[in-house]
């Protein structure tokens, strides 16, 4: 009778962990890199009809996409509206978001905007009026405008990129913030480039990027709106 090799019993032996790649090689889950998450803007041209916004928001809620902001408004065509979405997802999630949007019946076209696209947001911020002169100075520093004032509060309007809005909020905190209302991001492509095609199928081409998010064919004009 042949005696087996010495060693632990089968149930005591360590079991391999991790999935196998296309070549059949097992990948250690501790070293497997997760897809990088990036923030991007998606513009969708849709039919201007009741229920479109609820369809889009419902889709993103069901799919649990990470939405930073969602805005909708009329366009130059009374029959169409533009939805602007800012999402933070890894690359497969971004592609899935665009794919699912294109499946909605009211959607005419969908496009992911380049990083240098013009992005703007409007904020109304109400602060305590204990130092009104200093509030006015901060508002001027951010090209803001005082839209309401009372003995107790001052309300300032600030428009600009997300970074500018967030910097303004931090600066106004010294006065004591009462309330904030922000519109969310709206965006348009630069120059002659269409933000989203006004005609044709919903499957629009999207810009290409390098691994760090830089467009492979950048525009000549830089932007601080990312």
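Cβ coordinates come from backbone N, Cα and C, glycine included.
For 195-208, 216-226, the entry in TrEMBL reads compositional bias 'Polar residues'. The domain 'ACT' annotation in TrEMBL covers 41-115. Annotation source TrEMBL lists region 'Disordered' at 1-27, 188-226.
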**Asked** Per DSSP, what is the residue count of the domain 'ACT' (41-115) in each of helix, strand and coil?
**Response** 25 helix, 32 strand, 18 coil
**Message:** If I take every residue in the domain 'ACT' (41-115) and average their pLDDT values, what number comes out?
**Reply:** 91
